[in-house]
């Protein structure tokens, strides 16, 4: 069955509003672990708007579960990944003006660059993933460079204005999952998933992980992290492998 990995960036966002020490995303990460999530995600952005370098360092040293590091494909981030050695790195596009990651990484046409970029990361035994749109060309390009995983962007599905539009976006994702699996790729889903819309994937086989952050942190404000994570993990536990 698929597993839950939880993004704690929004805890760091709240901390950075006051440039203080609280709330601590490391504490949130440990609570997420205790609640049964299989991994923690942090996005170390180039502008350091939420997660900071010391957060990654502390999590890499102390977490018992998997640390997933989201990052742009820059020399600086490559060096950090090699130094901290997370379980997985996920390459994502970044724009300074965006509130959150707005779309998938352009892989098609950049295969040679990305393959070379990931080579030293793979050599250290670190898994990699590419955050991409549910698009055939992007899926095939990801497979061509030898990346073991992709994460399909579910934001268009989550933000669809009508039920029909949502179903159309879901169908694109399901087709992309099937293609990726046929090419030997592991498939993760993430962006905009919540306690309601995640059921749209309850009958879809071939998903390895669900990457969820905002909706869990939002619920945790009222229920606490352990309850919020446990509720989502219980939903996913009923999904097929």
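Just so it is clear, glycine is given a Cβ too, placed from its N, Cα and C backbone atoms.
Fair warning: this is a prediction, and the values are worked out from it, not measured in the lab.
Positions annotated as active site, proton acceptor by Swiss-Prot: 43, 70. According to Swiss-Prot, the feature active site, proton donor maps to 191, an assignment based on sequence analysis. What Swiss-Prot records for 7, 18, 192, 213, 214 is 3-amino-2-oxopropyl phosphate binding site. Among the features that Swiss-Prot reports, 1-deoxy-D-xylulose 5-phosphate binding site is placed at 9, 10, 45, 50, 100, with the record citing sequence analysis. Taken from Swiss-Prot, the feature site 'Transition state stabilizer' applies to 151, supported by sequence analysis.
Features recorded in Swiss-Prot, as mapped to the structure shown.
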residue	record	DSSP class
7	3-amino-2-oxopropyl phosphate binding site	strand
18	3-amino-2-oxopropyl phosphate binding site	helix
45	1-deoxy-D-xylulose 5-phosphate binding site	coil
70	active site, proton acceptor	strand
151	site 'Transition state stabilizer'	strand
191	active site, proton donor	coil
213	3-amino-2-oxopropyl phosphate binding site	coil
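Straight-line distance linking the Cα atoms of residue 213 (3-amino-2-oxopropyl phosphate binding site) and residue 70 (active site, proton acceptor), rounded to a whole number, equals 13 Å.
Cβ neighbour counts within 10 Å, taken over all protein chains shown, single out 151 as the most crowded of the recorded positions 9, 70, 151. Rounded to a whole number, the C-alpha distance linking residue 50 (1-deoxy-D-xylulose 5-phosphate binding site) with residue 191 (active site, proton donor) is 17 angstrom. Within the set of recorded positions 18, 43, 70, 214, the entry lying nearest in space to residue 151 (site 'Transition state stabilizer') is 70 (CA atoms).
Largest Cα to Cα distance within the recorded 3-amino-2-oxopropyl phosphate binders 7, 18, 192, 213, 214: about 26 Å as a whole number. Around residue 50 (1-deoxy-D-xylulose 5-phosphate binding site), taking its Cβ as the centre, 21 other Cβ atoms fall within 10 Å, counting all chains.
Look at residue 50 (1-deoxy-D-xylulose 5-phosphate binding site): DSSP puts it in coil.
Here the recorded positions are 18, 43, 214; the one with the fewest Cβ atoms within 10 Å of its Cβ is 18.
Among the recorded positions 18, 43, 192, 214, the residue whose Cα lies closest in space to that of residue 10 (1-deoxy-D-xylulose 5-phosphate binding site) is 214. Spatial neighbours are here defined as Cα atoms within 10 angstroms of one another, and by that definition residue 214 (3-amino-2-oxopropyl phosphate binding site) has no neighbours among the recorded positions 43, 45, 70. Most Cβ neighbours within 10 Å among the binding-site residues 192, 213: this distinction goes to 213. A sphere of 10 angstroms centred on the C-beta of residue 191 (active site, proton donor) encloses 25 other C-beta atoms.
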